[in-house]
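This report refers to the structure that appears directly beneath it.
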């Protein structure tokens, strides 16, 4: 027996942060490789699809570099202290070099055949880092110890953008604070410069990034005051250096990159604008604006035809050499604070949460890419610190995904600005349209909201409930719009306002059948009739306030679950109105599976998160995983699967119909899986890498068309072969093949019977119906000639398509079987006389 695969925590590829390392282009500029969390991802520049997801590191990937001596190989470094050499076209790790200490950046030079450069922490000192050279030995085996380190520079910045290597690896430049140091390898000479002693006007002159000219002795540095300084030929003399200044950015310069020829310079910052400085002149510059978010990294392809910008919102923009936008590769946008929670769109099964400021992002977990972004706030976001702006804080979908509710909020000390918006999904435009805008739906912040929506009911039964810190919950219903000038026929209006002892309303949820509404008021859970809005019962479990509540589902629908902020998980029986059981657990997240009775609870204790999966009718959990991750899990969501997954063990049956995703406080999206990396990649993604290796020529296009036609012909031929195999099992074929040749009747008699067994009827009569029709023929018809009988049978014979596909065995009529038996019994021995 094969042991079931273990359930393990996996960082989602698109959920991993792309800003950990500078992306690199493949030598032919067809692929882009970058770090994404613990993985290295390879994208197709033609389609933007993820082709490879290379895993093996145990911590964040901090550096990605092509092997300068083999452009089909790739080096990657990680905080786990290892350097991996990959064959990235096949996604196969070739060697693993264990350095030991954390690796914060990686550099590979063509002039250094057997070594790479990395940034590591300095031994015995905190927040002090060194640039060291690591010798990569060519020893046999895959796992190799790389302990031969030599220090190149001391006291370097931790950022990989603060170190650059000069022309053909002759020198290395490092910047930190206001200091620039340049080290020459051959002369072993170190020169240091400082901008603090220069005669410059006031401002923050701290270095932020550095890049070296590919062919000349020129260094470009970016500064916190938005200026770019070009250090020229005399910079290697300690007291004789010159520089020129380029200035457009109003704030910090985040990254720089020279073109392959060195004739132009690219710069980016928080303005979301890519600036092209032609001929390194302040008078000749072009701009590519509105890139969406701050530019974190800039990379240029080896052939100079493309460049890419990596942004702080986890997006990569592919840009042509003429500064025209080509394509965007969007990872999961990392918001500063996911206030909306993790919500699943019932239509697309996409994960919905905060995206760009004021936007909702719909992220497809299967294709690992963003489907679209919905602008909710519809206001221009201003990049200014300490400016209070409108933010998206709550979102909820109806059960069918037909309606979307959002809450916007501008935090003010005295009177917060609130808006509740209801959106309707338009089938024609395939997007959400604003239906109703409600200003100040509550007098204070809205804490929760949910829909009551049953599959059998129409829009008149659709209800939205919101809870607020103003100590009330409100019920919103659809009403007909009587305004003749209104653009829509219906709108939303408040129908009921409820409260309980002037306590703040914190959570709300409907039962599975929609008949009951549970609303928590601080430390008390109230249960209301959703038709009459009468208060039915209350539950409490002091001390502490209610943090989360949810109803059981299916066979456990009579239970109500609640978690308190004092570390208790409680289960109440709605029929007996009594506490069923309780457990002492500090539950932060309580998430029910919409397709089963299972509920996932995530606890936080002793700086580690643990997962408990249980059914409300059983106090003992069916699955426990301690130390799920070191980060604090803030949000979770069950996403329905397209097809139920085969569970290798009974304790994993709760993952059969839905998959659990959760988001940590470091904005890392994770999930639980028993499948390997290769199994999680789609077959089309694997095949695409091979197909894209073909050159795009007229002959290759013609060849591709021929291959598609040939493939279709092969498919059709395969269907015919399968069809023929099925037909060989029919009685007509068996009689034809098994009867001795010397006793077979004439071909004119057998041919119609054989042909009829291959025909597909135009009607949908079953074989039994055909047999009945043949039985009902008169005796007079039996005395007719053989040819007439055969023609009659061809007209009446009816074989359904399902029989021809092998679902049912083809049967001859009773008349045909009787005639075949007569033929076999006939004595043909008289033929031997001749």
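Note: Cβ is positioned from N, Cα and C throughout, glycine not excepted.
Per TrEMBL, the feature compositional bias 'Acidic residues' maps to 769-800.
Residues or ranges marked as domain 'WD repeat-containing protein 75 second beta-propeller' by TrEMBL: 342-667.
Per TrEMBL, region 'Disordered' is recorded for 766-806.
Within the chain carrying the repeat 'WD' (54-96), a Cβ under 8 angstroms from the stretch's Cβ atoms is held by residues 17, 20-24, 26-27, 31, 33-42, 102-110, 113, 116, 118, 134, 136, 142-144, 146, 160, 677-678, 689, 693, all 6 or more beyond its ends. TrEMBL lists 54-96 (among others) with the feature repeat 'WD'.
Within the chain, the repeat 'WD' (246-278) has long-range Cβ neighbours (under 8 A, six or more residues past its boundaries) at 161, 208-216, 218, 220-230, 284-304, 307, 309, 311, 319, 321, 323, 383. Annotated repeat 'WD' per TrEMBL: 246-278 (among others), in sequence order.
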Averaging the per-residue pLDDT over the repeat 'WD' (54-96), what integer do you get? 91
Helix, strand, coil residue numbers for the repeat 'WD' (54-96) per DSSP? 0 helix, 29 strand, 14 coil
